[in-house]
Amino acid sequence: MTSSGVYTIAEVEAMTGLSAEVLRQWERRYGFPKPRRTPGGHRLYSAEDVEALKTIKRWLEEGATPKAAIRRYLAQEVRPEDLGTGLLEALLRGDLAGAEALFRRGLRFWGPEGVLEHLLLPVLREVGEAWHRGEIGVAEEHLASTFLRARLQELLDLAGFPPGPPVLVTTPPGERHEIGAMLAAYHLRRKGVPALYLGPDTPLPDLRALARRLGAGTVVLSAVLSEPLRALPDGALKDLAPRVFLGGQGAGPEEARRLGAEYMEDLKGLAEALWLPRGPEKEAI
């Protein structure tokens, strides 16, 4: 592989099992692949080219002709800026295989953080808005959200788990919306914080006991709805751990203060806030 992250034709030949002669023949005959050229005229293939060629070779092994396999690949190719629309449409028609292929394409193109920002979160928002507008039913919303939540869990797993006493991340009792908590755990892990995501709707006594057993110095709670928070008594979060952060659209500074937590305005700066001592002057993070 060259220093710029692309491959020579010899490397592609070894990686795909397709000969250099075949690659040049396809380029002349079908206009695919379309490698870049060095000033000296040598072909350079991207990682996406390599993945495409592996897919096409698999179809050839299944009995397709080169022409049919290349046409099939080009027909399904989507520009990065159109991936969101394609993913949403695939989910709403129940095409999970197609949705998975689009997610993988986005992951290859943007990487984990980029696919989260440019694909998963926009599609999640659009699914929620479509449900609120009455354009899709509960079943479609559940299907799409389940797929997207699973991909977010995959990104969370890819982020690894840094060493050290864990930071426990969950939602308050009665709060089933977990995307905000998953995002908090993901961003903390990317910042080197050992965030342990527990899932949603964790009973406070169990959360308190786990924090003590694992030696967790911090608990982070994300709330989308305000009702579960209002149902909690004053100081309910105070002794979950030495530090407790509460955030999300259902929370606010005054409610956090009432419950005995530090208010987390957004995810930006949360990791840094974990290293700062708690003080009365820090009512919002």
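Cβ coordinates come from backbone N, Cα and C, glycine included.
Feature list (source: Swiss-Prot):
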| type | residues | note |
| --- | --- | --- |
| DNA_BIND | 9-28 | DNA-binding region |
| DOMAIN | 6-76 | domain 'HTH merR-type' |
| DOMAIN | 164-285 | domain 'B12-binding' |
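Secondary structure counts, DSSP: the domain 'HTH merR-type' (6-76) has 45 helix, 7 strand, 19 coil. In the predicted model, residues of the DNA-binding region (9-28) average a pLDDT of 95.
In the domain 'B12-binding' (164-285), helix, strand and coil residues by DSSP number 38 helix, 21 strand, 63 coil.
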